[in-house]
Every structure is written in C-alpha cells, then in structure tokens.
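First comes the structure, then the notes that go with it.
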C-alpha cells in the first residue's frame, strides 16, 4: 500500500514533536514496517509482522474518520440549504449538485460511483506513488533520479470514488502514468457555471434590486406625506440591503464612464475554504444600475448627483439661483440643441432679464463652449456699440459642472417668423432688411483682425431683437472657428452647406456667404432652396439649379467620387445612387432660379403680383445678388464688401459703411487688401468677379466689358513709404468711389482711348438691358389695367369706346418712353461728354473731401437719369485724373 494514498491526518496520527528521523522510526514501529531509508526512497519491503495491534488502532481511527465525514457533510448541506433559501436576495451563483456522500480529500469531494482525477503537489520525504514505484524497480540510482526529474512535480492516479480509506484492501486500476496531464479547467463545475451564468444572474439581481428600491422609495414618500428626497438634491444613499451586503465603498466620482461591476468583482464561492457553521456572505461591487439608483435624488436625474438627466442636460427648477445673482424663471427651457439648452433668467444685479445657455456636462461640449466664449469676447471687443448685429455675451460661469453663458434676451428666430407666415415667405422689402444686416455681419466677421467663420448660419440662428421690429442678432458660435484654426470637416446644416464642404475641400469665410444666399431665398419663398435628405441628395439638388460644379473643384475634391463619376475623357457626370433614383433628378441646370423666384410672374407662385416693391426690376436685382452668392467656386463668390453695396441692398437714405475695421500690420496677409483712408494715400484692392477679364460696374453689379482682353493691367499705387505695388487687374481692381473718396495717386498704363471705348460700349449694353426690363414691366402693367377695365365694363356696362380710348392713351405712352431712352443714348454719345465729365468730377471730388457724397439709385422704371448716380459711374471710369 502506498503511503501517498493515506489521508494526511492518518499519516500524522501518533506522531510526537521530534526530529523527522524519530517520527519516521515511530511510524515504522507502529505499522510494523522497517524504517525508511532516506538515501534510497524507492526501496520497499513487504510487511511480515502481526497486524493485530494495527487492526484495533485502524478500527478506532476509522470510526473517528466516519464521524468527521458525517459532520463535514452536514455542515456543507446546511450551507447549501441556506444559500438556496437566499436565492432571490443574493448574488451567489447556484448550480445543481448532488448531496455530498464522501470525504473531502485535497479540497475535492468525490461523488459515489464516479471516477475523478486527483491532482496532488509532490511532497518531499514521503514514499513514492504506485506509478513511480512501478517505474523504478531494479534501476540504478542515477536512472531513478533522472526518471524522477522527468516525472515532474505533479502525478495523477485514477481511483474509484469511495475507496482509499484505511483498512480496505484494493488493487489499483490506474492506467500507466501520463506525465504532465492536467485537469481541463472547463470541466470544473464552479468555473464553468461562473463564466456562463454570471451575466444572467447579474441582470436578474440588478432588476430585482432596482424594483425593490423603487418600491421602498414609494413607501417612504407615502409615509412622509411629501415628495421623496431632500431639498438639497444630493444623491440619496442606498437602502439597508445595499449597505449591509456592499462591503466595498464606491469611490469613483466619474458619472460618464462607469465600468462593469463583474470585471473587478471578487470570487463568489471559495471552494478551498474550510468548512464552517457560519454563513459567509461574499462581498459585492455595485453594478451600473445600482450606482445610478444610488445617485438618484428627488430631482429625478441619474447623473451628476441628481442634477442632470440622461442626456447630461441640467434639470431646471423654477426659482433656482445661479452664480448668486441669476434667478431661473421657468422649469422648461426656451430652446434646446446638441450643445445643451437655453433658459430665461432674471439678473438681480442689473435688474434685467437675460438668457443663459447651459452647456451639457460633457468634456467635448465644455471645450467647444470655451472656444465660443473666446470668439464672442473677441467680437464684442471690436464691436462695443453693437453695430454688426452679433449677440452680446454678458458673462459666463460654472454651475454644478455645467458651463453657463449669459446673453442678452432676444425674441423669435427667422424660422419661427416663417411659421407665422404659414411658410409663404416674407416680403421682398423685409428680406432686403435682413440681407443688409447679415451682410454687415459677414463683413465684420471676415475682417482681417477677426477672420471668423460662423460655420452654422441658418434661420434658427438669426433672432429678432424685438418681435415688432426687423433688427436681428446672429447667435450660436458653438461651431465657429477662425480661418487659420479650422477644427471640423463636417460643419454647417445640410440645407445651407456649401459645395466646398460637401466635396471636402478647404473652406474659409465664403461658406457663410453661401448660407446667406440660401437663407434669403428661403425667407422670401418660404421653402428651403436645397432641401436635401442626405449629402448626395443635397449635391444633386444643387446641381439641378446651378448645373455641374467646375472641373477644377471636382479634381481636387476628396469626396467627389461620392457624387460624380468620371469618363475616360475626364468629363464628370452625376453618379447613380444605390437605390437607382438617378432619373428622379432633373438635368443639371434644368431648375431655373428665375422661375423659383418668379422674376416675371410676380414672385413665388405669383403671390406678390402688383405689390409695391415687387417689380420685375426688384426681382432682377434680387436674382443677381443670389446668383453671386451661390457661385460654386469660392473665389468667384461675391464678398461681403460687395454685398453691402449691391443695388438690391442700397437705399437712398442709407449710407454704406466705408470699410471694415482693419489694422495695417496684417494688411498683406489677407486675400483682400484693405487700404486705409486718404491720409495715408492708400486705396483698396478688391477681387474682381472673375479672372482674366475687364469688369465695369453697373449700379454695383459687375459685368464683363465687351471686347475686353484677358491680359493683366499693370496698376501702380503710391504709398507714404514710397513703395510701389503691382496688382494683377485680372483678379483685383481699384474701386475708389466705394471708399467714399478718390485717390489721385493711381496711374494706369493702359491707353485712355481703349478704355473709353470699352466704357461707352458697356453703357450702351446697360441701357439696352434697362429698356428691355422697362418694356416688360410696362407690358405687365398694361395687362393688369386691361383686366381691371374688362371687369369694370362687365359691372357697369360701359361703352366700348371708353376702353379703346384708354388703350390709345397707353399706346401713346410707349413711344414717349422710347424717346427718353433714345435721348439718353444720344446724350452719352455726345462729343462734349468728356468736358461735362470733368466738371462733374470736380464737384464730386469736393463732396468726397467733405465726406458728404451719397450716391443715388437710377430709376429704371421711368428711364430718368439721375445726376448723382451718373457721377458715381464716372468715378468708376479709370481715366479720371483729378
């Protein structure tokens, strides 16, 4: 019999505290065995002594062993029964297991009629196992040592369950020793059940304790007779169930990134623990739902100690005080967005109502709000008088981890205004007022000292100061950036997204000009101009109206392949979508802007026919402005400087601002050169609408002169420092009258005669266009008059002669209009034209020096030539030298 099969307590039975040699000798005497030779542990001899004394001792030991076994079985069965009785109230994993009917050897319980594989660590100074003994008889000591090293530290014996107790002879049924064979961890019942069922039981326990906590809170609130929770809104502690069983305190204060509790949870059952009669409840960590429930307070929010909701927005309470001065006036916000929410408050120090923008309690929104604060402080510092229609930032602070921005309180936005009109649009006069203010705003933002890109210009971000007036403010600089510090590629709302952003090309302040053009059309028509449902649909809607984008943009666009395909010849065409909806779109440019605006039909849908301020002339100017704003190429797109001087926006009683604020230090670093006032003998160089052509101005609208060449014109300008500057007139041009002064230092190298011919030819072309527009308007008026006359005749039965006489008078008025136009053409071709021009220039220069020049508009309807406008046109003539 191998001593390794004897239980540890039996091996140590009868031993006294002495040396190892004496213990071995006493053991040999007790079992009537020869002493163990420590020099050769593999030597074994048969027992030939009487077993009478040993049998008596073995019987007593067997009785004690059975008693201990029964006690151990009772304790474990009791422990299992207690665990099963606490099944709904604990996180202890349960698994089916038969009652224990065998002893515990090396912390493994053997079941009846079941063979198990025992793994024991190698013990020193004891006899070898049966397998080892079978390998060593007759071997020299050297081979035995080598074989012993090959066996390793572990050995396995397969024995029948229930056998192995002392006094029961048996023959080993073990197979030959298999070296380094370990038990598969997946066969272990505890580990297998833990890995498979931990998620299931975790979810069951979370749901159970959550419902239990809700019921307990409901009972507490009913017993107290008031709403649950305290007034301070601090996180309520867990119930007694959590406080008893949760022995690990929660120290993490991060409410945004919670970890799963089972990742750091201790083992639920310790199979190697000694038997005990006391039930040990294992320690548990809080799960996500339990932690949220622990933090829930009377305010109803699971985050930020109950002050936030699930979207990380602050939970507003009427009467709450922010920053010791702002009193919240409502529980509901006046506006919400991806950034957070806006609420109405009362400033107790300044005795006024304000709007507080509460940013979400997330790091990304917090960082972006800091950029918004920086840009607003920069704009407010350069616009202290608030002339450029940007919302005023009154202050900012942090309240319970939320960054709060305090603004002036404003009224409705432009989208609300459209809803009030049932999406029929506002009048052209009101759209003109909005365009004037927004043009000044973009002129201010694009100045060299700021170079701010709003990046989210839309009707929702343009608010009225007063509901009864047309004054506006531009808000929401949360997505804004500066030209040299672009952060995002995915910007702008889809309806107002520019082509360069859709194509992934680098963008600048011109993207806001595209958005402004879309806004103006929507404000008048009542519907978005490009209402795309996706980026692909958005690009196709743009192509329907404006045609295909320039090839130069498509060649460099990283996202061009998303919208267009390319032939072998390098020609782009619209890409067929996955759904096969290519035929639902019209051909490029088939949807005319002329028809959308209703230039000749009395506005969109004919709703403005006959109304004052909605003539064909007004719509023609409006269409020209929109076309310049909606140019594909940002370089060809009209700049804010020209927008505020466009004939659609210029009014007789208004004076156009001279120039945006600028410093001379960064003058040459910008795309547009802003030159200072005449005191420094400098002028302004602006970009022309296109490259390689000579353009002249017609009431603020720049048209290509017939027969103009693409050769650049060398222009020289004198400075105080004596520096000379050569400007390519193919891309830039001098515009003296737009600065309200004339600089006599310009010297043009092109012959005067050629320029004068170009100027005269341009004037003829302009007059022809004006005549056509006037004739169209007269025809519409005549049609209206005829309809009115027919109605009157039907009601009053007037004689036919009266209507014919009226038609005769109207027919006589038409040649009179033509005579006036012919007189104007003859006047411009008069031989004394240059003499009159010099006289006018002298008078205008005197007005310019006194800053009293105010250009007037040309009345195209009646064909009258205004003298002041004529003076303005002559100032644009480059041959004038005062």
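Even glycines carry a Cβ here, placed using N, Cα and C.
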Look at the ATP binding annotation in Swiss-Prot, where 334, 335, 336, 337, 338, 339, 340, 341, 342 are given, and name the residue from 317, 324, 357 listed for that site too.
357
Out of 722-741, 742-761, which range is noted as region 'Disordered' by Swiss-Prot?
742-761
Per Swiss-Prot record, range annotated region 'Disordered' [choices 93-146, 147-200, 255-308]:
255-308
Of 1-45, 361-405, which span is tagged region 'Disordered' by Swiss-Prot?
1-45
Report, in whole Å, the straight Cα-to-Cα distance of residue 456 (active site, proton acceptor) from residue 342 (ATP binding site).
17
In whole Å, note down how far the CA of residue 456 (active site, proton acceptor) lies from the CA of residue 336 (ATP binding site).
15
Rank the binding-site residues 334, 342 by how many other Cβ atoms lie within 10 Å of each Cβ and give me the one with the fewest.
334
Determine the Cβ neighbour count for residue 456 (active site, proton acceptor): the number of other Cβ atoms within 10 Å of its Cβ.
19
When DSSP is mapped onto helix/strand/coil, what comes out for residue 340 (ATP binding site)?
strand
Within the compositional bias 'Low complexity' (64-79), how many residues are helix, strand or coil going by DSSP?
16 helix, 0 strand, 0 coil
Whole-number Å only: compute the distance from the Cα of residue 338 (ATP binding site) to the Cα of residue 456 (active site, proton acceptor).
13
Just going by other Cβ atoms within 10 Å, which of the binding-site residues 336, 338, 340 has the emptiest spot?
338
